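Annotated features, as they stand in TrEMBL:
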- B:1-398: domain 'Aminoacyl-transfer RNA synthetases class-II family profile' (DOMAIN)
- B:ASP101, B:LEU102, B:THR103, B:ARG131, B:GLN145, B:ASP149, B:ARG295, B:TYR299, B:TYR300: L-histidine binding site (BINDING)
Protein chains: 2
Amino acid sequence: MAQKPSLPKGTRDFGPAQMLKRDYILNTIRSVFKKYGFMPLETPAIENLSVLTGKYGDEGDQLLFRILNTGDFLKKTSAGDYEEGAKALSPKIAEKGLKYDLTVPFARYVVMNRGEITFPFKRYQIQPVWRADRPQKGRYREFYQCDADVVGTGSLICEAELMAIVNEVYTQLNFNDYKVSISSRKVLEGLAALCEVSDKFTAFCVILDKLDKIGEERVAEELSTIGVSSQNLEKLKELLNTTGSNQEKLGTFREAFVNSEVGLAGLDELSETFEHLKGLKVTTDQIIFDPTLARGLSYYTGIIYEVKPTSISMGTITAGGRYDNLTGVFGMEGVSGVGISFGIDRIYDSLEELNLFPETNSDITQILITNFDKESEAHALGILAKLRSKNIKAEIFPEAAKLKKQLNYANNKGIAHVLMVGSREIESGEYVLKNMETGDQQTATIDALANLLS
Amino acid sequence: MAQKPSLPKGTRDFGPAQMLKRDYILNTIRSVFKKYGFMPLETPAIENLSVLTGKYGDEGDQLLFRILNTGDFLKKTSAGDYEEGAKALSPKIAEKGLKYDLTVPFARYVVMNRGEITFPFKRYQIQPVWRADRPQKGRYREFYQCDADVVGTGSLICEAELMAIVNEVYTQLNFNDYKVSISSRKVLEGLAALCEVSDKFTAFCVILDKLDKIGEERVAEELSTIGVSSQNLEKLKELLNTTGSNQEKLGTFREAFVNSEVGLAGLDELSETFEHLKGLKVTTDQIIFDPTLARGLSYYTGIIYEVKPTSISMGTITAGGRYDNLTGVFGMEGVSGVGISFGIDRIYDSLEELNLFPETNSDITQILITNFDKESEAHALGILAKLRSKNIKAEIFPEAAKLKKQLNYANNKGIAHVLMVGSREIESGEYVLKNMETGDQQTATIDALANLLS
């Protein structure tokens, strides 16, 4: 009868040790979001496929998890549908799916609640999403996204605030070895104009994005295949090799973009964002104007940014940008927004690799009360109640057991203190307190103990 | 092109106002769980159907949401499978499903991690579950469960601790109008033995459970149809009408159960649990021994309990009990446990109906800084940075706008204070602070303001 249970590919359990660390990260981010005026939103895991499909491209559509209609799901089908194959049958037997990201459900929420929302609307959302991707190291089929967005305003203060959030989150996590790359889709458009390949914008960006990986020469080769002249390649090369501060680089670009209205607009927006950052007293040492940054260009229309660790090889840990038309696909035009997304799994792995998780965790039981016999149990329960009434996280070993077993329990659970309660201690009113880390023992009354732990 | 988006039946968005209230409830419960030594666990939404099916009875199996296999899901099927119908085809095209509760995934987790878990294992879990039930008022297809369990010990201290948690959670929520009913499956077995219908235990319990709804006479009628003699009906009636304290009632039952070993064991366990509650200084005024309580008898084997509001009609808001064999279905025998489950939706509705949600919520922005023109913006951003550096939740209206619009924004969002920053204020260093609740205005320096809000 008994079966050996297993987990679906690409899914994970988070046991207590992992959960405490994940909560440490998520609680930090959540508290910063709140401090900056973002409010929580949750949307269901299940969405109608009519909401999800067509929003993520063909590839995305294929990665949607589809939920079989309940009851007789073949009711509306015919043998002919079956013969046509899975692709034809699927929409007739599955009308709902699991959400693929937090953005499309957010757009749906905004459209459905437009009458009640006060704009600008600042929301954060921390929930799992699902993708039927091929699982591999660091890529899961069910994973959390952690997003904050402001919609309903084009103000670049929002961009600066999101950068300030990045700074505050990583400062609070004691994670300082990172770099923020910032640019704008409009800068890329300016570069394409400069190279006289505005009609091949996407191809141009794809090639430029490879600069880090394949180097200047091969990028030049590829750009020439899409029609960039050698003269323009020279101009581009010189521009991209500009050094200096962000302000200096923006100045050099301004000269080169003199004929590109969109390019200049992008530079103005970057300058204004840097101004706002100064106003917000955010140090910009780690924020670098990187004109080759090309991410999310199918939806981002303005400023874009990404955060990567500098001392370890981890990829992007946070990213975002401005989009012009969040809700257009649902018939509500003109809603501009800007967002940021923290990659929880990679932040977790980074803190782990850099040994940055705090040694103590305030979510763990502070003290275990031993249990040696029925006689001392009632007394021990009274001590437990007293400690808890002082808001101390405390527990009792629920059954009489050998000391070693109980110490082992405390040790494995990371409980810092064990209080010995036996008949001798009850009589004297002085209890032995063992510090599990140092092994030190001291005697104390319950009141003294409560003060020590509070 | 544009479509009007909708939500699947039985699912909900939780907007900011609801989320703040839900978080208030969940954070309260979570903090109490931690105070009592419970550690967090999360399992995936998606489970293999081999793990889920057969665990909830035929009805439960039908309520599982099944996920269509990805790719060509018809690959392993034939036209014959299609002809056989949905029930035959389903297992061949859907191998995964959404979890139906938190208990079976918890059992799977315990079995898969038995080597690493230190028992007794105290875990809490707060996650959504899915059931393809017919949606109706108060019944959803996606809803949160909020469970705490201790597994790997038979100690009745655990039962008492869970009662203490109920007491502490509802005290912290200022929700005092509730009653805890407590009994044991073994007491029901004792009653069935007394009535000489031990062989018809389930039918006996189903009838007894209707006492509140259909009254004594009709229960007696129904019991006689399953073979309870009129003499035994008299004995039962007398016993169930016993009044007095819990101790007095338990004493009366003890006399009646003199020939029922299992019945006496149930009474002993209840007495011991009440003893532990006394040890834990938990007032038992609201905890009532109710021998007719019959819930979850397909899995509970020992003590059972449920919590209901007394001043409103709401049904059960919290319930649980002891089970003997959590993991047997996965081949790991002898794991006894006891658990409790808080019904978040009903607690939410109860607090709403009784007007018990606190008026202020510490998750909301404390102060909005106005934005009238580009000139004052940089200065205002500096004030914003200063307030946040003192851990005050603050935001700036991101674009210049009329005062009315900005006050409206603060009002709708529940922000308690608005700080006016214009050229005059910048010059004087004294800012006008408006209290949005009273309408009062005062002038203050930023330092004075920060002290006021901290």
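Glycine is treated like the rest: Cβ placed from N, Cα and C.
Listed in sequence order, B:ARG185, B:GLY321, B:ARG322, B:TYR323 are the same-chain residues six or more apart from B:TYR300 (L-histidine binding site) with CB atoms under 8 A from its CB. Contacts of B:GLN145 (L-histidine binding site) defined by a Cβ separation under 8 A and a same-chain sequence distance of 6+ are given as B:ASP101, B:LEU102, B:GLN125, B:ILE126, B:GLN127, B:PRO128, B:VAL129, B:SER341, B:ILE344, in order along the sequence. DSSP assigns B:GLN145 (L-histidine binding site) to a strand in the three-state reduction.
With a cut-off of 8 Å between CB atoms and residues at least 6 apart in sequence, the same chain places B:ASP147, B:ASP149, B:LEU326, B:GLY339 near B:THR103 (L-histidine binding site), listed in sequence order. Across the residues annotated as binding L-histidine (B:ASP101, B:LEU102, B:THR103, B:ARG131, B:GLN145, B:ASP149, B:ARG295, B:TYR299, B:TYR300), the widest Cα-Cα separation comes to 22 Å. Mean predicted confidence for the domain 'Aminoacyl-transfer RNA synthetases class-II family profile' (B:1-398): the pLDDT average there is 95.
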